[in-house]
Structure formats: C-alpha cells, structure tokens
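What Swiss-Prot says about this protein:
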type	residues	note
TOPO_DOM	1-8	topological domain 'Cytoplasmic'
TRANSMEM	9-28	transmembrane segment
TOPO_DOM	29-559	topological domain 'Lumenal'
REGION	45-66	region 'Disordered'
DISULFID	Cys106-Cys339	disulfide bond
REGION	115-225	region 'Catalytic subdomain A'
BINDING	Asp156, Arg186, Trp316, Arg347, Tyr352	substrate binding site
DISULFID	Cys330-Cys408	disulfide bond
DISULFID	Cys442-Cys459	disulfide bond
DISULFID	Cys482-Cys497	disulfide bond
DISULFID	Cys523-Cys540	disulfide bond
Amino acid sequence: MRKFAYCKVVLATSLIWVLLDMFLLLYFSECNKCDEKKERGLPAGDVLEPVQKPHEGPGEMGKPVVIPKEDQDKMKEMFKINQFNLMASEMIALNRSLPDVRLEGCKTKVYPDNLPTTSVVIVFHNEAWSTLLRTVHSVINRSPRHMLEEIVLVDDASERDFLKRPLESYVKKLKVPVHVIRMEQRSGLIRARLKGAAVSKGQVITFLDAHCECTVGWLEPLLARIKHDRKTVVCPIIDVISDDTFEYMAGSDMTYGGFNWKLNFRWYPVPQREMDRRKGDRTLPVRTPTMAGGLFSIDRDYFQEIGTYDAGMDIWGGENLEISFRIWQCGGTLEIVTCSHVGHVFRKATPYTFPGGTGQIINKNNRRLAEVWMDEFKTFFYIISPGVTKVDYGDISSRLGLRHKLQCRPFSWYLENIYPDSQIPRHYSSLGEIRNVETNQCLDNMARKENEKVGIFNCHGMGGNQVFSYTANKEIRTDDLCLDVSKLNGPVTMLKCHHLKGNQLWEYDPVKLTLQHVNSNQCLDKATEEDSQVPSIRDCSGSRSQQWLLRNVTLPEIF
C-alpha cells in the first residue's frame, strides 16, 4: 500500500509539471502573437527591435499583400491618398522581413570596421505613416550601429496631423537619434534636402526617399566605396516595391542610368564596355552616366566642394541629371554599387501638386542645367523641347562661376568618355522634319512608345514629336527609338536602336528623295487608305508618295 501511494504522488507531481509546461508554452506563444500584432499598429510607445527571423504576417519576406474582395472598394479610395495601396501598407509590419536579394558574391564580401559614419536624410511631404516609419525602421534595423550617425527627417510643410507631434513622440523612443526638421513653407525636394544636409553631422550624407526599405548589407558597400575615394558618389541598386501589393522585387544589376532627348532619366542596359572594364565581375560597382536621384550617398565635404544642389532649381526635376553631369565633368565618379539593395515604392502618378505646374518647373530646371553644363549640345535639347526656351530660368552666374572654379570639362568630353552610347546623336546628316512631297505631311512619333507604329501628321514646324535624326549610321531616330520594318509591305514601327543595322538601316537618296529600307529593298511610302496615319514600305516606284524632304529644324527664338 505504501508503495502504491508513493507511485500516485510521483504520477500526480509529473502531471502537474506537464500541465505547467503546457501553460507556459501557450502563454509565451500568445504573447509573441500579441507583440507581432502591436508592431503593425501606430502606437507611439512601441520601439521595434530588429527582425531576427521571418514573421508570419502580410508582406513578410517581401511577399505581395492580397486584399479581400469585400475590401476592394475601400482599398481603391485609400489608394488615392498617396497613389499607392495604403491599405496593404498598413497591414504590413513596420519592421517586416525582406529576402536577401544580393548576388552570392556580395554575401561573402568583408568590409573594414572603420568606415565613415553617415547621416540619413529623408524628405517627406504628406507621406503615409506606415511607409515613412517602415523606411526609418529598415535603416535602423539593417545598418551597423556605429556607422549610423543619425536619421534626419525633413518635413516639407506636411498638413497631416499624425506627421506633427505624434511623429516626434514616436521617433524620440527609437534607439538611433532621429531628428524632425520642419520647413516653414512648401519648398520642394531640392531645398528640403539642402536643409537636411546642413544640419546633419555624419561624415557621409545618405539621401533616401520617404517610401523605401533597406535590405541586409545595404550600407557597408556604399560607405566602403566612399572611404576608398571620397570623390566617388554611390547609389544602391533600386529594387521595386509594388505600389499595388507592396511585393518586394529585386532590381537588375545589368542596368544603369542615362537620359533621352528630352533629358528624362531612363534605365538602359549596362554596355559591354563596362562589363569588360569590370572583367565580368558583376559584384563590382558600375560606372553610371547619371543617377535616378532619389537614393545616393556622398561625402559631406565633397558635397560642399562640388556645389551641393543648384538652389536656383525649384521643387523637383532635373536635379539628378544636373548633379550627375557636375560630378563627372568636375572630376568625380558616379557609381551604382551592385552589392547594395534598397527598395523603393514606384508610383504610376504623383499625389502632389506643384506651384506653377509640373511642366513649368521641370522646364525651368532643365533650362538651368542645359545652360550651365551642356555647352553647344543645349541647342539640340532646345530643338527637341522648344517650350524650354520660353521660361524664366533665373540667374545662373554663380553656377557658371562654380564650373569655372572647379575647372570642369566640356560636355563633349562627357559624351565621348562617360556616355558614348548616349541617345544624343553626335553625327547626323539631318535633324528635323521628314516631309512627304505628295501629301505635305510629316513623320510624327505621336508620343507613342516602343513597339508602336510611327505616325504621319500635318507638319507644324514646331519640332518636338516631328523631329527625327538621320544619323551617320543611316538610322532614322526619334529619341532612343529607331524606325524599324520587319516584313515586306509592312508598317514602320519604333524599336529600341540596336546599332546593328539590319531592319533599322535606311538609305536616303538626296536626288531621288527616297528613303530605301535596305533589308527589304523597298521604299518608305505615305500612309495607306486602310490606316491613314501610319506610313509603310512598298516596292520602289519613283512616285511622289515615296519622296521625302529631310529638313533641319531651326533653333527656336530663345528668351
């Protein structure tokens, strides 16, 4: 009996311990879930810790967020606020996990500990709480603490209440100094960044947009390049965060920055010459002619030496090309560091308004950069964009003085040595309209895009969409597109210029006035009755409908 009683005591004690273990396990499991839910909210008292392992939640590991059908209408209304899926963004944790999208060779690189410190400057205007704070947390969570001096948030006159005191209260509790600087009035990206740079303290200034997410290992390779050469300005690979689902998609290390005829920034394939320079090692930085402008790091002192931003430019637009030209022409280097990845929400439209209108502001800014940096090539730009010549672009004497002081190289040097594959044709037979003798109509790109048909329309003599270049390589170019025909009697389409002749090779006879498509041995003809706005090729007949006048456009009157 005594032995039986002893066994019952042992059994009961064991059962109690098992139940206690189960209780503790369930308790802490639920607590973890509570913490995870809290991280998705807005309470200013929460300080989020670095992500140690992937969470199970919307958008984790960069996966897309799917909105239930019953919430689609509300989602569409919320989308209008910031021109991205605000509902999806608010479902995602402020410190969500992201995949490591670096090249394998980047993951094993070792960087010195004594890299310079950086201040991260982020300008915002009426930004969503979730995207702004997710940017901040990604910087904190994925940056070595001793390299991150501070984060400077510059408020460009936001009107939303949660971006006032609630934001200040929230960032005070973060484990890295975060300063909120307020612009007294709407000043635009350029002047707001100058304000942030002026108050920052790091040896390097890193500019980010307000809807970014930094990935693991993003900072060290940027700072390492600047430590190697303080005159090197570096950009990360810009990954895409979907504005619809907030899916994180890795950007390509095989593209770099350029620009088209209208001085719009464009991404183009990295040319073979740059691959050869790097001996095929894709983990080495890419020398890029221009940068997108939203995300880059620059040595603080060098930023001052080369003239920071052009403070005479307004709001936004053109400043990225201006600083790109200036860096290269004045002795610096501009790189995309392929081992650094930062995501950016790319929107299809802007939610912001611009005083004076977007077109007027960009025309002014582009006029300033053309007058200061493009030398004789500004004439080409003015022919393509005649509206630019009619804007008041202000006083540029200080910027011209800066160029003289820094002994900067001419723009022709930039095109020959840094951007030889530029879309600006340096050697051409004609630049202007291509007019049909019979109809008196002109070829017109109709503002159409790649893979669309070229048009024909009444000649207006104002340049713009009716400016074509007949190049020394016998291409007919409109911006970065070439006229291309792939079949007999086919329509003429606009494809990316490949410089391989083939379907893009045209022979102009200045006596017969014909444009012969060499591959097909047919001639460019007027539009047909079936499609009155699309020219095609036909068997060469010598008819007036196959005769074309190539006329150079005269420079518009400049104010």
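Placement of Cβ uses the backbone N, Cα and C atoms for every residue, glycine included.
Computed from a predicted structure; not experimentally measured.
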Report the nearest neighbour of Cys339 (disulfide bond) in space among the recorded positions Arg186, Tyr352, Cys442, Cys523, comparing Cα positions. Tyr352
Of the binding-site residues Arg186, Trp316, Tyr352, which one sits closest to Cys482 (disulfide bond) when you measure Cα to Cα? Trp316
Taking DSSP as the reference, which of helix, strand or coil describes Cys106 (disulfide bond)? helix
Using DSSP, break the region 'Catalytic subdomain A' (115-225) down into helix, strand and coil residues and give each count. 46 helix, 28 strand, 37 coil
Among Asp156, Arg186, Trp316, Arg347, Tyr352, the record's substrate-binding residues, the widest C-alpha separation in angstrom comes to 21
Compute the C-alpha separation of Cys459 (disulfide bond) from Cys523 (disulfide bond), stating it in Å without decimals. 21
Which of the disulfide-bonded residues Cys106, Cys408, Cys540 has its Cα nearest to the Cα of Asp156 (substrate binding site)? Cys408
Taking every protein chain in this structure into account, which of the disulfide-bonded residues Cys106, Cys330, Cys408, Cys523 has the most other Cβ atoms within 10 Å of its Cβ? Cys523
Out of Cys482, Cys540, which of these disulfide-bonded residues shows the lowest number of other CB atoms within 10 Å of its CB? Cys540
Students should find that the Cα atoms of Arg347 (substrate binding site) and Cys330 (disulfide bond) sit apart, in Å rounded to an integer, by 33
If you count other C-beta atoms within 10 angstroms, which of the binding-site residues Trp316, Tyr352 is the most crowded? Trp316
Between Cys523 (disulfide bond) and Tyr352 (substrate binding site), how far is it from one CA atom to the other, in Å? 48
For Cys408 (disulfide bond), identify the closest of the recorded positions Cys106, Arg186, Tyr352, Cys442, Cys497, judging by Cα separation. Cys497
Say we define neighbours as other CB atoms within 10 Å of the CB. Which of the disulfide-bonded residues Cys339, Cys442, Cys459 has the fewest? Cys459
DSSP, reduced to three states, assigns Cys442 (disulfide bond) to strand
Whole-number Å distance between the CA of Cys106 (disulfide bond) and the CA of Cys540 (disulfide bond)? 57
